[in-house]
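Taken verbatim from TrEMBL:
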TRANSMEM  6-33  transmembrane segment
TRANSMEM  45-68  transmembrane segment
TRANSMEM  88-113  transmembrane segment
TRANSMEM  125-144  transmembrane segment
TRANSMEM  150-168  transmembrane segment
DOMAIN    155-240  domain 'DUF6534'
TRANSMEM  188-210  transmembrane segment
TRANSMEM  216-238  transmembrane segment
Amino acid sequence: MSEISLILGGVIVSTFVGFLALGIVLSCAWNYFVRFRHDKLYFKAIVSVCALLCIGETIFLAHWGYSWGVTHYGGSSFLLYYNVNNDIYFSSELNVIAMAPGSITFIVQWFYAWRLWIISLRRNVWFPSLVALLATVTYCLPVLLGLSVAQFLSITDILISSGLFYYLDIKLRRKQIKTYLKRLRVIILRTVECNVLSLIAQVGMTILFICNVGFYYLILVTAIGKVHTFSLIVSLNARSNGSSVSRHGNPNDGLITESESLPLSVILQEARPESNPATRSVFS
């Protein structure tokens, strides 16, 4: 019975954690679509796809938790897989729960690879390419070869966090920039912090999987996709309120210029010695 509790307890707890995480993600997504109705189409498409994957994953997770916790409670033969005619078939819920977070992670890590290329002023191609390559390997190998490459998830997030910290903090300190626009500084901090949150979730998931704690590692497995989606949406929501849509103003106020949609590149341009003082005064 203790083994069943370790398995069933992890599934039930992860189900409720998934509900909570989905509520946070949908709240942030609603805030994004309200504030940035005229945002670039590819940003809106990325947010929509990730949010829909989170919803689909949570629906299957709820069905899985109900089946194990209510319909087939205590049935050890039903756990994890179905045995039909002596053949093992993994449940459809488990397949979706495994694929949805992986797809979200792949999309968000590619977004961060693109973002690293942008904030390097499109000069550093190799580092973002390495991040994109690791994200692709992490996503494709388990699908094509059935390999376990969970360690690449943490490695990719470590590279993303390190790259963001370098470009958004260390490099600016070297340039001795003393004054930052508060709204841009918030973007820096939130971008780094949110990706660090994804990294912590990845490392925690790996640790719980290695330790013999039953299915409680599923708490982070089912939350990791939502953590990445939350990281993505917060990064987009943290942009200037000047580029958002005013509820009582002109709808055209929501139109976003290139510099507003990529504010981090503006920061780095501020850090360059050859920056135009007149341009700097506009943002100060």
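Cβ atoms here come from the backbone N, Cα and C positions, even for glycine.
Against the transmembrane segment (88-113), stretch 45-68 shows more Cβ pairs under 8 Å than any other of 6-33, 45-68, 125-144, 216-238. With respect to Cβ pairs under 8 Å, the transmembrane segment (45-68) is most closely packed against 6-33, considering the stretches 6-33, 125-144, 216-238. Within the model, the domain 'DUF6534' (155-240) shows a mean pLDDT value of 73, rounded to a whole number.
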